[in-house]
Amino acid sequence: MFYLKYIILAFIVLNIPEIAVRNLGTTIGTISSYSLFIFLLLYFLFKKDRGKVNVPLVVVGFLYYIISSFQSQWALGTFAFHAIKFFIVIICANEVARDTTPKELSFLFVIGAISIILHPFLFEDNYYGRYSGFYFNPNSGAYAAITAFALTFSYKKGLLKLGKTLLSSFGGLMTFSRTFVILWVLMNLLSIRLNIKNLRIIGYGIIALIVIVSLKDTLGLNTKRIDEFTALANNDQRGAKGLTEDSRTATWSHYYNLIYKKPLFGNGFHYFQGGHISSIKVGVHNSFLLILGEAGVLPFIFFVLYIVYLLTQSYKRFMKAPYLFMMTMALTATLLADHGFFYLPIFPFVTMWIHNQINIEKEKESDINLKPMLTT
């Protein structure tokens, strides 16, 4: 079970199935993808002390798939296949999440950040000068890097914390993701509440950025995006126009009328993922809007309430476990720009992991409150 857990973690966190598809062919990639779900089922079946299922995600998943099926244009078999995969993840992977410590998860995500740094040596495609490593999309790579950075706050101090901080910062900056930069700055500002010495992390980030800029030609990086970041730092609004203009909001606006027309039950499964409307080639790029647009207001409300719960509960425990609130922030921000919550196992897995860690912190608090009662 120990080795199986790490295999599953590698498949989910390091995006092994997609790596197999892109580098070893469709056949091996398909086998790899199916293997993940077989491993999850085996882990769940052979685990003796199984915990409770994640009820909020089960409810959201049930409502989303049932309601979106009413108007689905997909064949029943294909629709059922996607639904079954999602429920295998949220039921079986929840056990893996319960058994995974912050240090273990940090180790995997840092490997993901390192893969971004090593992108030019591992992969030929550099996505127009933006590195992505194992994730094949700079925005997905940025999410892995910012999660790795958030998890560094599970360490008190030491060279391991410093090394992971530098690697996750460097890897994230090489994606040239605006979301990464904003979240990285916010997390650093929040970390000052923990210790004023955390200000030096911003210094490490500046050094990493200087190194990246100085090597931009050697590494074949996106010089346009670098120039935009430089212009933003110099308060040059015209030069930073590409950063300040949000293409995501323009994409969302194409789908608003569809939401307004069918707010109660949505437009059906897969309708907000691109290709269904001739004028919209891309998906909605927002998991919240995807739920609302495909399955209506009921699962949307449940999902929003669940995310708000995670945000508030993790923030309450910020001083003891700051990485939980930081990870929830990163997850929420990413889901606002990515519609893959039901298709990429990393999103529900991290969601369940955060939930389980919050429960662990609650149990610690209960034990502390119980001790005085037992001694009186």
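For all residues, glycine too, the Cβ spot is worked out from N, Cα and C.
Taken from TrEMBL, the feature domain 'O-antigen ligase-related' applies to 166-304. The transmembrane segment annotation in TrEMBL covers 24-46, 53-68, 74-93, 105-123, 135-154, 166-187, 199-215, 288-311, 323-344.
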Contact check, the transmembrane segment (24-46) vs the transmembrane segment (166-187), 3+ Cβ pairs under 8 Å, seq sep 6+: no
Among 53-68, 135-154, 166-187, stretch most in contact with the transmembrane segment (288-311) (C-beta, under 8 angstroms): 53-68
Closest-packing stretch to the transmembrane segment (166-187), where packing means Cβ pairs under 8 Å, from 53-68, 135-154, 199-215: 135-154
Distant-in-sequence neighbours of the transmembrane segment (74-93), which means Cβ under 8 A and at least six residues beyond its ends: 8, 12, 37, 40-41, 43-44, 53-54, 57-58, 61, 65, 269-270, 342-343, 345, 348-349, 352
